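Some notes on the structure that comes next.
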Amino acid sequence: GRSSHNKSVPETSGAVNNVDMTGTADVAEGKHQCSICKKSFGHRYTLQRHNYVHTGEKPYSCSSCDKTFAHLTSLKRHKRTHTGEKPYSCPVCDKTFARLTTLNQHRRTHTESFGHRHNLQTHNYVHTGEKPYSCSICDKTFTYLSNLNQHRRTHRGEKPYSCTVCDKTFAQLSTLKRHRTTHTGEKPYSCPICNKTFARLSNLKRHRTTHTGEKPHSCTVCDKTFAQLITLKRHRRTHTGEKPYSCTVCDKTFAQLSTLKQHRTTHTGEKPYSCTVCDKTFAQLITLKRHRRTHTGEKP
């Protein structure tokens, strides 16, 4: 889309340290030369755009987050972080990317050469889909050892990354970064259909299915379909009986993380859910909902 900033590019830019920035003097072969760094350009407009390097001017602003840019192309690239658009696709594996530079980097994974045989073998997993590293607790498999090591923290309860605002701790750095947006209120990802904004790109992708009605994830056991992959994964446990979440106090296991969190309150005595009518508190939300019926007379 067009930049929200309708300011036309001026014929001349401002001065830096009282040095003329017009760059109107032609040099050899009709080029236009920057009076600051002497770099030459074939077109006057290109010189004017270059001048932003010296002035620091950023005339193009994002209508979603007010971040500013020196060049319109940079603004257009940035907008994709809000829309989730990925216009560049790999001709080998059809993976898509928001930026051409990222696609070019990815392409090297198909033609990459490696100094060590082990590095090549590890790289080949990208193409074969092989996941040779498995968790001894829940049998989940991973392509890389580093990913397995990160996953193991979910079983050990290890959380080495802490928030400097609220001291909450996390097992993975990426999770900490996502958590930080709860303090800043930042929601950089916006839906191009209804303009609703989200703190996480994954939430935007999930939200989009509410417009399309698409349910691309299906269960191979019962053919039930789901809009979100995470919902399908949770559903699969009803067939497998898998309970990957264990309590560090009593070792009881659970199929859902939310159920484990509710269970933990039986050890801590915490009752975070309170009735707005009588102020009675409860350890679990479902218990609060049942209690509310005593006030409303509602029958389940």
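Glycine too: its Cβ is placed from the backbone N, Cα and C atoms.
Nobody curates TrEMBL annotations by hand; they come from automatic prediction.
The stretch that TrEMBL tags with region 'Disordered', taken from the ranges 1-20, 101-120, 261-280, is 1-20.
Residues in the domain 'C2H2-type' (189-216) partition by DSSP class (helix H, G, I; strand E, B; coil) as 12 helix, 4 strand, 12 coil. Counting Cβ pairs under 8 Å to the domain 'C2H2-type' (60-87), the top-ranked stretch among 161-188, 189-216, 217-244, 245-272 is 189-216. The average pLDDT for the domain 'C2H2-type' (273-300) in the predicted structure is 87.
The DSSP breakdown of the domain 'C2H2-type' (217-244), given as helix, strand and coil counts, is 12 helix, 4 strand, 12 coil.
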